[in-house]
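K.L.:
This structure is in structure tokens; I'll ask about it shortly.
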Amino acid sequence: MELQTDPPIVGIGASAGGVKALQALFEALPDEPNAAFVVVIHLNPERRSELAKILATRTRMPVSQVTDRVHLRNNHVYVIAPDSALNIADHMISALSFDEPRAKRAPIDLFFRSLAAQHSDGFAIILTGAGADGAVGVRAIKEVGGIVLVQDPDEAEFASMPRNAIATDAADFVLPVRDLARQLAELLRNRKDGEALTAPDDDENMMRRILAHVRVRVGHDFSQYKRATIARRITRRMQVTQQETLSQYHTYLREHADEAHALFTDFLISVTTFFRDKRAFDQLAAVVVPQLFEGKEAANTIRIWVPACATGEEAYTIGILLLEEAARRDVRPEIQVFGSDLDADALVVAREGCFPLTIEQDVPEEHLRRYFQREGDHYRVRRELRDTVMFASHSILRDPPFARVDMVSCRNLLIYLDRELQHQVCTTFHYALNPGGFLFLGASENADSPPGLFRALDRDARIYRMIPNTGERRTALPIMPSAHHAAPSRGAPAYRPLGPGGDVALHRQMLERVAPPSMLVDETHRAIHLSETAGRFLQPSGGPVTTVATDMVRPELRFDLEAALHRAFDRKEATLTRPLVVKFEGQPQRVYLQVKPVLEEGDPSRYALVLFIEGETVRADDDGDEGGQNREPTNETIRQLQEELQLAQNRLRATREESEATNEELRAANEELQSINEEYRSTSEELETSKEELQSTNEELQTVNNELKQKLASVSRAHSDLQNLMAAADFGTLFLDPSLRIKRFTPRVTELFNITATDAGRPITDFTHQLDYDQLADHAHAVLRELTLLEHEVQSRGGGWYLVRIRPYRTVDDRIDGVVVTFFDITERRRVEEALRDSEARLKQEMRLVEFSRAPIFVWEYDDGIVQWNRGSEELYGYSREEAKGQDVAELLRSTLEDGSFDSVRQALSEKGAWSGELRHTTKDGRVLTVESQIEMISVGGRRLVLESTRDVTDRKKWERRQRLLLGELRHRVGNTLAVVQSLARQTLRTAGSSDRFVDLFEGRLTALARAHTLLVDCQWEGAELIALARIQLAAYISADPQRLRLVGAHVLLPPHLATPFGLVLHELATNAAKYGALSVAGGRVELAWTQVTREGRPFLTVTWREFDGPAVVPPEHHGFGGVLIERGMPGATVTRLFEPTGLVCTMEIDLEEEEQDGDDS
């Protein structure tokens, strides 16, 4: 029997609008997609979720909510529970509690990260939602080789989550939901049928061809990356592009130009987070960062290099640590953090400095506040941190390194390189670091090889320190492979000139031209440098490009070169080979190989120099002999062959030992397989037993299913009965959950509350109602707390009465799940009760009250409302007997005293039993009446009744006040008017010069005064309209030619104390214009304009008198009374006169709140 393997896992993340999208997704999936689905959605932690039941109606797969530890099964759906996070280990999923506060939770990212940590073949789907949850998680899924699918933002109800996921460049597919389902089903189907899929290691030649194609298309060589990593990335792209074999994928790669870049992006794995591996960064901050500042002055610079920085999180993290340390020190050197990477798209993100909100999970809160600024749905790096970090496109394997840095932080790059490339990179780091500099690596990396370069400071945190060279010579800079070289180097150490300077370089260049052709070879037999003339001795063999020296030279030279190189490196001996015959363009020629080890102090035998020494041309008659075909072997040849034979025997011996060890391992493995086979056999028997048990269980489930169908039918009937009962009930019933949110209600409830059927789920406190009942929520909470019945009578705003009954809502399993509130209309009962009370009171007071008296008389209870209200009260106050009864008299009539509240009346009644005086009552139509009231308290049957009779004296009081007002106003106005007339006469006489002139001036001014006075009288001295006053004063000029005098302004009411002087000023201005100004000549015009503004809360009026097209005017040499009247006649006004060539411009700034000045006789 074939054992079922663990299914692939599909993680689905959604938020706002996610339920609808999830329903569409599962509807479009096949019934058996052959995967386990885990749904993570943002849920209200305070409410029970029904998501599992909802999804169960859209798919035939079993759907369950995860509340404990569960083993994931194929074709099952698992849904997150409220207020919990999901974590996966192997194929076990667990519900965990959150450590973060509610506002900072990111359950989608948490699950995707745990999925990425456990399974490299997972699927991540991002659906509609607000925020950025999931953006970090999909990058983690992509990093380990999983596939990411994202809903099209244009279709999503809330596009923030899909857009943030797409912005990470981790999305493999961006499609509408139903297309996502079809694409996912296709991917799962291909994965299931993938037994025929060719594993990358099965065809090394095809792998090389794929890598060569990537190198040609994007300019980067991944041939020395670890084969497992390369294979995993290629397999992932094969699955995305739906190619079954490496050959098919290679064809697809050649036919689709953009696929090379997609594969290149997968190779780079541009995924990182802030403070990744927090313990390691804590150690870095404690151990390394303080030492970086030691001995540094303000003029010095701390230089950090972060190769393979991806989107910059690691570089910014180190920048934060350095800035934190700098803030603790008095001397702050300059900080420079260099981030480099091959991925140009990742560098764009790094330079932008914008990261999703989910970085809150990784960045401590204090760092988040100081170094990041929130902008909408992302965080942006603040300038202080951004200015310390610089980013550049750079290949650590190809480009020269950043030099003289104090620390290199390269985390999780070396694990993807083979050992030779790791050696090269470590050597590069050693070259780049200052003496004693630090190296910070990832959790699975080390710098122990090559030896002698670094020593471990903290091996657990992967912190190393550079070991300086003992001699003066610095570590040689490895030669970096050039993207433009036809046969790029594969990372061998480089040869470095012994002396610096341009002269040495020139000398070396000239030597290469005149010296024999040469090749510099390292200890791994790889050629790392060729002279300009060495090309004719090279003939690389077919297949992948190589830099192995023996594979590069002509075939005739390879055997002797191999032997000579072994002697050079193993024995440190120089070798001059026998003459070797090589054909150049068909012409044989003797060639000697001279191989010399390059011996340098402290660095023996790392390089060998191969010289190609050309001999004479071989004649045709001795070609065969020189070729060594017929010549007796020399002693030297025999010795060389013996050495090679010994070397081959040693290798054979080592191979035999390795073979024996491998055989032992295979025997042990065989025993294990036999043990496993026994376990399989036992498991098979168990499965057979389980099958029988499952069959039995299936029969039981069928029985249970039938029972459930019957129960469902019964529940359906009960539900129908309940619906009809609620519709027919003649009272309102409201069902609330424990949070007082509406669950359901009967139609009668809508007569009291402004709710509709769509308001289910909203708090009842959000709605207004028609009841005088503000304690509903408090009473409901009390019932939930005490689990007792509560009744309360309340009145509606329409006058009706209701009995409110609140009881706990108990489920069938006796669990409290809210409250039931019923509203019984008891208006009729209350009306009857009130009528009975009224009848009783009427009978008791019939002899004392005059029911139909025209005099307002009413009775009210001292501790209650009005009990008797006669006809006179109805006529005076406007309230009918029905409206008044039961009302508090002070509230109904809004009773007050002139100098106090009605409480003093109650106090007097309580102390003396009677009160008389004047009260202010308000009628139904809002009139305030002054009444003379006689109030007396009497006791009837233990009740304290108050008899009140009133008499309306409002009109009398009004006429008394009016009389006093008129007398005072008359005395004041007559006095002021006489004072003004007296002043006008005195000033006019002083400046007139003659009696005729006096009469003319005085009459005009007195007329202006009279006109203003008449207008005020017509307005009952409440003020004068400015435009009406202007028209009266300027009537003569307006009637003569209305076009010559223009009035411009809005409605303004001048107070009485300003109207009279303003009229006099207008009179003077018009008189002067008619004599000397614009109105004195034909064609002259005058404009009077005014505007009202508010300054510092006070109203001001700006009035401008402007003359046009009149004779030229000049300031007067002497100010007459007219000029004084214009400039000083307005109380509280500032007046300016400008004598312009076109005419007079007079501007008045008038304070409309200026208090009237009494007795001004100036």
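Residue 1 is the first one shown; counting continues down the chain.
Each Cβ is built from the backbone N, Cα and C atoms, and glycine gets one as well.
Quick paste from TrEMBL:
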type	residues	note
DOMAIN	3-191	domain 'CheB-type methylesterase'
ACT_SITE	Ser15	active site
ACT_SITE	His42	active site
ACT_SITE	Asp133	active site
DOMAIN	207-445	domain 'CheR-type methyltransferase'
REGION	650-674	region 'Disordered'
COMPBIAS	654-670	compositional bias 'Basic and acidic residues'
DOMAIN	788-838	domain 'PAC'
DOMAIN	842-912	domain 'PAS'
K.L.:
In the structure shown, with every protein chain counted, which of the active-site residues Ser15, Asp133 has the densest set of Cβ atoms within 10 angstroms of its Cβ?
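P.N.:
That would be Asp133, with the most Cβ atoms nearby.
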K.L.:
How many other Cβ atoms are found within 10 Å of the Cβ atom of His42 (active site), counting all protein chains shown?
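P.N.:
A 10 Å sphere around the Cβ of His42 (active site) contains 21 other Cβ atoms.
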K.L.:
Can you tell me the CA-to-CA distance separating Asp133 (active site) and His42 (active site), as a whole number of Å?
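P.N.:
Spelling it out, the Cα of Asp133 (active site) and the Cα of His42 (active site) are 10 Å apart.
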K.L.:
Please state whether DSSP places Ser15 (active site) in a helix, a strand or coil.
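P.N.:
SS state of Ser15 (active site) = coil.
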K.L.:
Calculate the distance in Å between the alpha carbons (Cα) of His42 (active site) and Ser15 (active site), and round it to a whole number.
P.N.:
5
K.L.:
Could you put numbers on the helix, strand and coil content of the domain 'PAS' (842-912), residue by residue per DSSP?
P.N.:
30 helix, 14 strand, 27 coil
